[in-house]
Structure formats: structure tokens, C-alpha cells
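According to Swiss-Prot, the protein has these features:
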BINDING   GLY80, 83-84, THR88, 90-93, 108-116, SER120  5-phospho-alpha-D-ribose 1-diphosphate binding site
BINDING   GLY80, ASN111  anthranilate 1 binding site
BINDING   SER92, GLU225  Mg(2+) 1 binding site
BINDING   ARG166  anthranilate 2 binding site
BINDING   ASP224, GLU225  Mg(2+) 2 binding site
Amino acid sequence: MIQHAIAKLLEGEDLSRAEAAQVMTEIADGGATPAQSGAFLAALRMKGETVEEIAGAADVMRQRADRVRVSRDVFIDTCGTGGDGRHTFNISTTAAFVAAGAGVCVAKHGNRAVSSRSGSADVLAALGVNVDADKETVERCIEEVGIGFLFAVRLHPAFKAIAGVRRELGVRTIFNLLGPLANPAGARHQVLGVYEARWVPVLGGVLAALGAAHAFVVHGEGLDEIAVTGMTHVCEVKDGAVERYTIRPEDLGLPRRDAAELAGGDAAANARIVTHVLEGQQGGPRDAVLANAAAALVCAGAATDLRDGVARAARSIDSGAAREKLRQLVAATTVPA
């Protein structure tokens, strides 16, 4: 199948959802050589990935994931694509703790750094979370603490082999888009930041095709986040309906911030910023977290709109609830000496 798919792509033809799924299955099963896998990824990138192709690939990623069981009906993910190259601190990871502190169950999917110096796994490890905790521990964290970290590299074993091909290619491929679409717990409520604005409507369409209950796909001022520095492009998906619009910080009741305020560093530096935000320090990092946590609360049904979400997120921080969720997650994932 993969040879047929490569030929189609080189002719500029789109694959159907089923065809894309067949190719991904072949790659996952080891039926494709590294050369074939690389040619497929490059040809697909050159043609441009469609909603159907991404949905078909995501179907297989979801099926092959090591499933994490969650008993709650509503739980969220704040995993973005990464790769925006802006080197901010870990905004969506911090927002996950704020959402948890506001009473929302969080199954946070994430990985090591893509283009930044600190991915979600890196900063969580620096904060004291055992990101390599086994699946049973992760499930217990989600149930008892209300937040758990789903480490992508551990929970998508079928696609370990493709990692070398991706590294050797050295360019973005469909896999840069698939991570946030393949939460191993099956989250149907999520905030998904993308590294380029052109992917906002595309991934909105993909989430609708995959049956998302309520989700926001966002890109703001070059960030795979809701921006407090300017305009954010949004695609909101709710029970099959898709709505596109833009928002500005003022719409959320937040001041406009300078991008330099959101700059991050390595995992240790970012961990300090996360800690300062959760301790209630005012400034650009807090406002960025409030904006993104607000969207998480809305998609979980815990806030009526983004302004209400900002107010509830602020209470989560200022009451100490968000900081307590981090403390509890560290304790729950730490093996006693």
C-alpha cells in the first residue's frame, strides 16, 4: 500500500482517510522500510496534508496507543504541537495545573522538547514529577489527584521505529500534528495549539471528524497558544459544529503583553517561571496562563465563556489550588526511598 500511496502523492493526489490509515498501519507494523516511510512523509508534506489524511493517521495512532483508563466522563488535554520556535516557557503545561486546581480532570499528553529547550516532559521532570511513572500510576494520579502526565514516548510504542526516520529527514511531517490528536486516554475535550495559523481550520476539521466533544484549536502571534501579545486565530469545535473567529487579550479582560515577557529557557529556568506563576506572581506569564487555562475550563464546561474562565483560573492560582495540584502530582509519582 505504501508504494501506491507514494505514487499518488507524487502526482498531487489526496489519500482517503482509509488509505492514510492503511499506510500508517503498515508503518506501525514494520511493513514499510525506512526509505519508504521517509518517502511517504516527504511526499505527503510536499503535497500538503488534508483533513482526511490526518484523521486517518490519527485513527491508527489512537488504536495503537497503550490505552490509559479514565473513569470520568469529562477530562481535558492541553497538548499542542510545539515547534513554533518562539522559545516561550511551558504555558499550556502550567495551564493544565490551573485547570486541575479549578476542579477539571486533566490527562496531559506531552513529550520531550521539539524545537524549544524544554518540552512538557522536561519541565515537569525539573519540577519533580516522575514523567516515567508506569501506566497504573498515571491512571491513579488522574483519578485521585485530578491530573496525570501521559508521556508520549512511553505510550505510543508502535511508532518508536519511525522516530529515526523523522530525525534523519529533519523537517516537519504529519507526525508533528498527530501528537495532540492521539491522547492515549481518549480525551474529547481539549485545547490544541498549532505552530502555524494555516493549521487552525485544518485541525479543527480533523477534531470534528474524530468526534471531539468540545475543543479549541488556536494559534496566536506565532505561538501554539492563545496569545496575550496580540490576535489569536481560533477554531472552536463543539459536537460536530465548527466555528472560526479571532480573539484579542482585551476580549478576555487581560492587558496586552510584550512577547519578551513570555521568554523561557532550559527546563530549570522554565520550572522557576511555572513555580512563580503558581505562587501568584503577577505579569505576562500569569496572563498567558490565565488565557489558556480559560479555554481549558470552557471546553470542560467549567466556565461559561473565556472571561469567566479567566476569573476562575485566577481563583485557582490565588487560592493555592493550582500549586497544590503540582505538589500532589509530585508526591503521587515519586517512589519512596
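Keep in mind that glycine also has a Cβ here, set from the backbone N, Cα and C atoms.
Restricting the binding-site residues ARG166, ASP224, GLU225 to those with a CA within 10 Å of the CA of GLY80 (5-phospho-alpha-D-ribose 1-diphosphate binding site) leaves ASP224, GLU225, listed by sequence position. A gap of 24 Å separates the Cα atoms of GLU225 (Mg(2+) 1 binding site) and ARG166 (anthranilate 2 binding site). A straight line from the CA of ARG112 (5-phospho-alpha-D-ribose 1-diphosphate binding site) to the CA of ASP224 (Mg(2+) 2 binding site) spans 16 Å. A separation of roughly 16 Å, to the nearest angstrom, links the Cα atoms of THR88 (5-phospho-alpha-D-ribose 1-diphosphate binding site) and ASN111 (anthranilate 1 binding site). Within 10 Å of ASP224 (Mg(2+) 2 binding site), as judged by C-alpha distances, no binding-site residues are found among HIS109, ASN111, ARG166.
In this structure, the CA atom of ASN111 (anthranilate 1 binding site) is 15 Å away from the CA atom of ARG166 (anthranilate 2 binding site). Most buried of the binding-site residues SER92, ASN111, judged by other Cβ atoms within 10 Å, is SER92.
When secondary structure is read from DSSP and collapsed to three states, SER92 (5-phospho-alpha-D-ribose 1-diphosphate binding site) falls in the helix class. Between the CA atoms of HIS109 (5-phospho-alpha-D-ribose 1-diphosphate binding site) and ARG166 (anthranilate 2 binding site) there is a gap of 20 Å, rounded to the nearest whole number.
The DSSP secondary structure for ASP224 (Mg(2+) 2 binding site) is coil.
Look at the binding-site residues THR88, ARG166, ASP224, GLU225 and count other Cβ atoms within 10 Å of each Cβ; ARG166 has the fewest.
Around the Cβ of GLY80 (5-phospho-alpha-D-ribose 1-diphosphate binding site), the number of neighbouring Cβ atoms within 10 Å comes to 29.
The local packing around ARG112 (5-phospho-alpha-D-ribose 1-diphosphate binding site), expressed as other Cβ atoms within 10 Å of its Cβ over all shown chains, amounts to 16.
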